[in-house]
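First the structure, in the form of structure tokens, and then the observations on it.
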Amino acid sequence: MIDRYKHQQLRIGSVSPQQISAWAKKILPNGEIIGEVTKPYTFHYKTNKPEKDGLFCERIFGPIKSGICACGNYRVIGNDKEDPKFCEQCGVEFVDSRIRRYQMGYIKLACPVTHVWYLKRLPSYIANLLDKPLKELEGLVYCDFSFARPIAKKPTFLRLRGSFEYEIQSWKYSIPLFFTTQGFDAFRNREISTGAGAIREQLADLDLPIIIDYSLVEWKELGEERPTVNEWEDRKVGRRKDFLVRRMELAKHFIRTNIEPEWMVLCLLPVLPPELRPIIQIDGGKLMSSDINELYRRVIYRNNTLIDLLTTSRSTPGELVMCQEKLVQEAVDTLFDNGIRGQPMRDGHNKVYKSFSDIIEGKEGRFRETLLGKRVDYSGRSVIVVGPSLSLHRCGLPREIAIELFQTFVIRGLIRQHFASNIGVAKSKIREKEPVVWEILQDVMQGHPVLLNRAPTLHRLGIQAFQPILVEGHAICLHPLVCKGFNADFDGDQMAVHVPLSLEAQAEARLLMFSHTNLLSPAIGDPISVPTQDMLIGLYVLTSGNRRGICANRYNPCNYRNYQNERIDDNKYKYTKTQEKEPFFCNSYDAIGAYRQKRIHLDSPLWLRWRLDQRVITSREAPIEVHYQSLGTYHEIYGHLLIVRSIKKEILCIYLRTTVGHISLYREIEEAIQGFFRACSYGT
């Protein structure tokens, strides 16, 4: 639908019978009103043409071929001449055949029918509004019992009988036996009410503002009651309060959306456009039909039978009429939700029919498969793997995916740089994977962000922008810090990649959707790019090292290491003074270089020369040992620190006892802080 602000939107909810009729009815130029489907037929078995007033009628839903009526006459669509725009013989309009994708029909039901989604789905909206048990309402809907009409002025058969009960379940089988169809209708219209008509009457009599006021008063009264000793009674009161809250919210929703409660009971049943429930001819002349067509036929058959009972057969017992109304109700229930009342309806091959609910809901439903998750151009999909060397705003695209996504841009680059004379030559170079193709692809990707999306997209961080780079393999590489926003992990999850084409989309991706600009949760404001899972384990391994102090390492042989930096077996170890000391390094580059040359391990303790830091110098920790040298200098040895002083007690240098893992982590943090300050200074 399109609102007054020209915004296209989709609204799902209850509609009035007048709206259903407006969707389906058409007035032909000769004044004839069409739109009602009255026959359960589809195509004629001889001519293979749609049956008139059937489920595929061309008068109701439009022509199968554009501009050609059922008689075979042809008119030019959009011609402004005074030629008639419909065939006077068959009544088919000369319009585009695409009208069969959205033109609806309707079935006029012989009796009211409740919408099973509002009755049987939990919570039951009808039971909530009427404040009645669901089992009691089901008995009314399926004609298991009736209730007396509240007629105060006129004397009725039930009043003379002295029955003031609400339900007359004991008369379910006795009352209809005394009447024929005509007599039973008169009796039912005066004395009792049953079926969906009884529900419709009660819903129509509701005053929603009064329901809200009464529910609020009762909720306050229950809230003022003190807890009792009986736990069961307290739970009962709590459930009643929750029910009243739901009832008030539902009534407010009906008022806010201008929906009448009686619309939950159907008098007109919409018929889907035929293109949404097609019949397809396959090899061998066989036909494949949508299950919806068979369910519609079932409804029409039973509805026509009920019409015949009410109009022609005046000697039919009333019990048979009630039974047929129940069959119509069950047929409509099966159309909306097959199996909601128990055993589902099956075809001759014992296959369950797919109803509206089966077509709409679920991963393979209409919304998730063809509207939300449909395939689009300039998109791809692959498994995600961790890319720990990537920046936060980058992602790795496999070469095969990247060349397909950016193929048009690469073709334009090849032609502009005179590597190809036309599109055909450019495509051949791409198929042959010439080196110049990858160079141009690199240039194209540098200035073009991509969007990564992981279904289901439940919040705005489910789709983010990244700067792509080429990687080997067939998987998309992703920084582990952005996984929490996507609710993704690396156990086989798949993600879709999209290319924003327009300049507006690219600007939006860069300014609003880049991953490094979405570090906080939009819901609560907490950081969402935090280390989890593998990153925490990696940080632990990186910084675990040997946490014992220098004394423990000196006197505890269990933590001593030999010159090859390997663990020593406790049983075979013997302490000797010939073992090498822990190595000294002048800077972090030398320490990391020694690790890469495999001269030390990641958690090997070492001494690293450090700059003069006032926080280290002013430490109040007492030295463990002091070593004096022959030239007058001396070394103050602390738990994780060594200070070299001169004769005048001036600090010459400082050594920190650390590991390669700690050095690597410190360098990463330092580079990140420096990059942040450079970005801030550049921005100012």
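Placement of Cβ uses the backbone N, Cα and C atoms for every residue, glycine included.
Annotation comment: Swiss-Prot describes C69, C71, C87, C90 as Zn(2+) binding site, evidence class sequence analysis. Summarising the environment of C90 (Zn(2+) binding site), the number of other Cβ atoms within 10 Å of its Cβ, over all protein chains shown, is 16.
Mapped onto three states, the DSSP output places D491 (Mg(2+) binding site) in coil. For D489, D491, D493, the entry in Swiss-Prot reads Mg(2+) binding site.
Using Cα positions, the member of the binding-site residues D489, D491, D493 nearest to C71 (Zn(2+) binding site) is identified as D493. The Cβ of C69 (Zn(2+) binding site) lies under 8 Å from the Cβ of E58, P63, F86, C87, Q89, C90, V92, E93, F94, each of which sits 6+ residues away along the same chain. Shown are the binding-site residues C71, C87; the one with the most C-beta atoms within 10 angstroms of its own C-beta is C87. Fewest other C-beta atoms within 10 angstroms, among the binding-site residues D489, D491, D493, are seen around D491. Residues D489, D491, D493 make up the record's Mg(2+) site, and a Cβ search at 8 Å around their centroid adds I384, A488, F490, G492 from the same chain.
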